[in-house]
Amino acid sequence: MKLRRGALRAALGLALLPLLSPASAVEPISLGLAIAGAAASALTGFISYPRLYCYFRECCLQRHDQRAAAALQENLDKKLFGQHLVNKVVVKAVKGFLNNTNAKKPLALSLHGWTGTGKNFVSKIIAESIYKRGLQSKYVHQFVATLHFPHAHSISLYKDQLQSWIRGNVSICPRSLFIFDEMDKMHAGLIDSIKPFLDYYELLDGVSYRQAIFIFLSNAGAEKITEVALDFWRNGRMREDIQLTDMQNALSVSVFNNKNSGFWHSTLIDRNLIDYFVPFLPLEYKHVKMCVRVEIESRGYAVDEEILTRIADEMTYFPREERIYSDKGCKTVDAKLDYYYD
């Protein structure tokens, strides 16, 4: 199929745009992905059979929203342990957002809890539910505070780069997914630079951000989450009886006032632009055993109950007297299995 000269010039111009604009300097992984994405988006509209094109090449909004929500529910049910609040809140929030054809703002989720409780795992499942390639999708963008924003003296530069990166990628794909890891290690004030993109604007410089999804991961607030969980346990109440209302407000206040967090006095919290603060409860012994079992099965081995129990017993637990919760959740399960199944 031939392209008209004007259309061809427009497509090539869009492909070259990242090289001529400030956005070209902000790709945290690879500038090539942004260029390829721009070219693909420009050319896709000229192909007569977009479904055929998307069969061979990844496209923005590739999965139907209902299919994405169903995949999210299925994967969380099968693979996430001990996190009834996360399962309920994340599924409802993401499903409702994907099915909302007239969203007033982007979806913003802030995931909080100790290391190993499943924050990165859940963000990975969300990405895989929306895009087949998951975290490897060119429409999914992951930032790690200590890697991409390491220097306090460069905050002004990081702010400009972050804004350009988000603006450029949402222009290419409205349903872009942005994941910010290690928010508890991010320099205070930096994340406020993306406030306009999370606010209730229909358009900003001709771009709508209302279909984008922002996910923040942080250890900040984990003490408050553990405090609530321990109170329930000491009062003889079931873990599953904990409701989001039992800790949502306390969690947001704790994160907002934490001077060692990237959300310290953040306008994102002050202006109520974070839709959900999602608490990840500390994992108990039985949840660690579930993690070990699933990991053994995923490697294709028959489950040896003796080894499974031995690995769970080798983990350290807190508080020191009660030994209820795993210090590292399920984070070191994989490494321990290497020892027994080498």
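We number each residue from 1, going along the chain as drawn.
Cβ from N, Cα, C; glycine included.
As recorded in TrEMBL:
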type	residues	note
BINDING	Gly113, Trp114, Thr115, Gly116, Thr117, Gly118, Lys119, Asn120	ATP binding site
DOMAIN	283-340	domain 'Torsin-1A C-terminal'
SIGNAL	1-25	signal peptide
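On the structure: features taken from TrEMBL.
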residue	record	Cβ contacts under 8 Å, 6 or more apart
Gly113	ATP binding site	Lys119, Asn219, Gly221, Ala222, Ile225, Pro279, Phe280, Leu281, Pro282
Trp114	ATP binding site	Asn219, Ala222, Ile225, Thr226, Phe280, Pro282, Asp327, Lys328, Gly329
Thr115	ATP binding site	Asn219, Lys328, Gly329, Lys331
Gly116	ATP binding site	Leu283, Ser326, Lys328, Gly329, Cys330, Lys331, Thr332
Thr117	ATP binding site	Gln83, Phe280, Leu281, Pro282, Leu283, Gly329, Cys330
Gly118	ATP binding site	Leu80, Phe81, Gln83, Val86, Phe280, Gly329, Cys330
Asn120	ATP binding site	Asp181, Leu217
Inquiry  = So if I draw a 10 Å sphere around the Cβ of Lys119 (ATP binding site), how many other Cβ atoms end up inside it?
reply    = 25
Query = Do you know the DSSP helix, strand and coil residue counts for the domain 'Torsin-1A C-terminal' (283-340)?
reply = 32 helix, 5 strand, 21 coil
Remark   = Counting only residues outside Gly113, Trp114, Thr115, Gly116, Thr117, Gly118, Lys119, Asn120 in the same chain, those with C-beta within 8 angstroms of the ATP site's C-beta centroid are Phe121, Asn219, Phe280, Gly329, Lys331
Ask   = Per-residue pLDDT averaged over the domain 'Torsin-1A C-terminal' (283-340) comes to what?
value = 93
